[in-house]
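The annotation active site, nucleophile is assigned in TrEMBL to C92. Residues annotated as active site in TrEMBL: H180, E182. The ATP binding site feature in TrEMBL is assigned to S234, G235, G236, V237, D238, S239, A240. If you look up TrEMBL, you'll see 207-405 marked as domain 'GMPS ATP-PPase'.
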Amino acid sequence: MSAAPTAAHDNTAEPVLVVDFGAQYAQLIARRVREARVYSEVVPSTMPVAEMLAKKPKAIILSGGPSSVYEEGAPTVDRSLFEAGVPVFGMCYGFQLMATSLGGTVDNSGAREYGRTPLTVSRPGSTLFEGTPAEQPVWMSHGDACSAAPEGFTVTASTDVVPVAAFENDEKKLYGVQYHPEVMHSTHGQQVLEHFLYRGAGIQPTWTTGNVIEEQVTAIRAQVGTKRAICGLSGGVDSAVAAALVQKAIGDQLTCVYVDHGLMRKGETEQVEKDFVAATGVQLKVVDAQERFLTALAGVSDPETKRKIIGREFIRVFEQAQAEIVAEAGAEGEDVAFLVQGTLYPDVVESGGGTGTANIKSHHNVGGLPEDLEFELVEPLRQLFKDEVRMVGAELGLPDEIVQRQPFPGPGLGIRIVGEVTKERLDLLREADAIAREELTAAGLDREIWQCPVVLLADVRSVGVQGDGRTYGHPIVLRPVSSEDAMTADWSRLPYDVLGKISTRITNEVDDVNRVVLDITSKPPGTIEWE
Ligand code: XMP
């Protein structure tokens with residue numbers, strides 16, 4: 001066996017397991033472990049210990065969770081987990097489970113703490129805390145508290161309220177903290193986590209996106225063999241990186257399909273047609289379906305109806321393109337057996353994990369071809385978080401405009417026009433959106449904002465004055481938000497001079513727009529998009 005694939009294989013073969021006790025913490029912990037360049041996977045707390053150990057984990061992390069260890073039916077782990085010789089790090093609920101399982105005391109004496117709390121480190125030279133300040137802010141969220149550590153454990157930190165806020169047993173390689181080291185507000189949390197991984201568990205930081213590429217190229221070649229694959233490009237990061245990775249693995253056995261529904265932003269279709277093709281050398285089939293989408297959307301204002309129409313038309317057009325590719329392959333059509341998808345790790349975890357490859361059936365309605373085309377999925381990004389996907393994309397040589405692109409909804413500008421979607425309105429919105437993007441980029445704000453929808457209130461008109469005359473035009477809404485995952489968001493506090501410049505340019509340069517307004521609503525209660 002050659003050295004490189006073995007190294008890549010070893011990286012994922014012995015993962016750090018993050019046991020998920022509910023709430024949203026486990027995924028974030030897994031991400032932080034990967035930031036420490038160690039491969040990690042999330043597993044449910046219901047997984048039997050023997051199954052966890054069968055994965056040969058280099059270490060196990062027990063996440064926080066919303067339960068109390070004394071609650072009836074609260075999730076738990078078998079004590080054997082702590083006796084398997086695998087290093088374990090318990091955080092919050094995981095810390096309390098470790099404490100109670102091993103004979104320590106956790107009680108609900110009312111010693112609750114929520115939010116940012118000062119932690120006092122009593123053992124500055126300990127495995128977890130070495131080199132971190134004696135007093136450091138940490139993020140707490142607990143009702144119960146540990147009052148006595150299990151036998152053999154050293155208490156390493158406390159707070160005003162909790163006498164045992166961290167403990168460790170170096171001999172058994174068991175560690176725990178009452179707080180959440182994975183959240184930003186625990187300012188030394190990443191360092192503490194890395195101390196566990198490198199010092200406590202003795203793991204080398206070797207996980208890199210370079211490994212991912214090597215490993216996936218090998219895996220894709222093994223899966224696809226000499227057959228052919230199809231990939232739909234949406235203009236987004238995930239499908240672009242998935243396609244580039246598969247292209248690297250199987251070259252011309254891959255054909256990409258791009259459905260131009262006419263709802264893209266200015267320049268984005270060209271980026272796919274030219275820049276992506278230039279960077280990857282991929283075979284691309286572009287379907288111009290703009291008229292078809294406009295016709296289907298005519299007269300429709302309701303946002304959900306628009307979404308349904310766009311989704312339906314998209315599938316129809318895509319399947320027709322698939323069928324054409326199969327037909328063009330002639331007698332070898334049945335070799336077109338794979339469909340590439342840019343599924344990411346959070347989707348995998350949220351849909352209950354699983355490592356198998358699903359088969360999907362694609363129904364289509366083109367005469368002369370089999371009723372159902374059956375494709376096996378190729379999902380080369382299933383192990384990756386979004387930031388890792390961007391790194392892989394950059395490493396594969398994709399341009400920044402594609403790799404660093406903001407999230408953009410599948411239905412595109414169709415749900416950024418409040419009212420009926422027409423060609424004129426799309427053109428107008430595209431101009432306004434391009435100006436906003438240009439100015440945000442010029443001001444160096446791209447990395448600070450998560451995304452900035454620009455919305456046309458086509459059903460609203462207001463009075464204005466431009467030149468010598470009275471106007472009766474439409475407002476444009478700017479919706480810049482900051483967010484980590486789009487589940488919650490805050491409106492971005494953009495500098496007034498940047499906002500001023502965007503406003504002046506849009507009202508000067510875009511016909512029929514005489515007002516620019518700023519959306520200052522957080523999510524919740526507002527969503528990011530207007531429709
Ligand atoms: P909301 O508006 O729900 O958006 O706060 C959260 C994130 O999802 C994107 N979004 C969509 N993406 N199809 C998509 O593929 C959709 O119908 C859709 N609606 C919203 C939105 O841009 C944001 O990133």
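Backbone N, Cα and C atoms are what each Cβ position is placed from, and that goes for glycine too.
The structure, with features from TrEMBL marked on it.
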residue	record	Cβ contacts under 8 Å, 6 or more apart
C92	active site, nucleophile	Y25, S63, G64, G65, S141, H142, V177, Q178, Y179, H180
E182	active site	Y25, L28, I29, R32, M91, G189, L193
S234	ATP binding site	G410
G235	ATP binding site	Y258, M264, E268, T269, Q271, V272, R405, F408
G236	ATP binding site	G342, R405, P407, F408
V237	ATP binding site	G342, K386, V389, R390, G393, I402, V403, R405
D238	ATP binding site	G342, T343, L344, L381, K386, V389
S239	ATP binding site	C231, G232, L233, V340, Q341, G342
A240	ATP binding site	L233, V272, F276, G342, G393, L398, I402, V403
For S234 (ATP binding site), the three-state DSSP class is coil
When pLDDT is averaged across the domain 'GMPS ATP-PPase' (207-405), the result is 88
A correct count of other C-beta atoms within 10 Å of the C-beta of H180 (active site) gives 22
DSSP says the residue listed as 'active site, nucleophile', in three-state terms, is coil
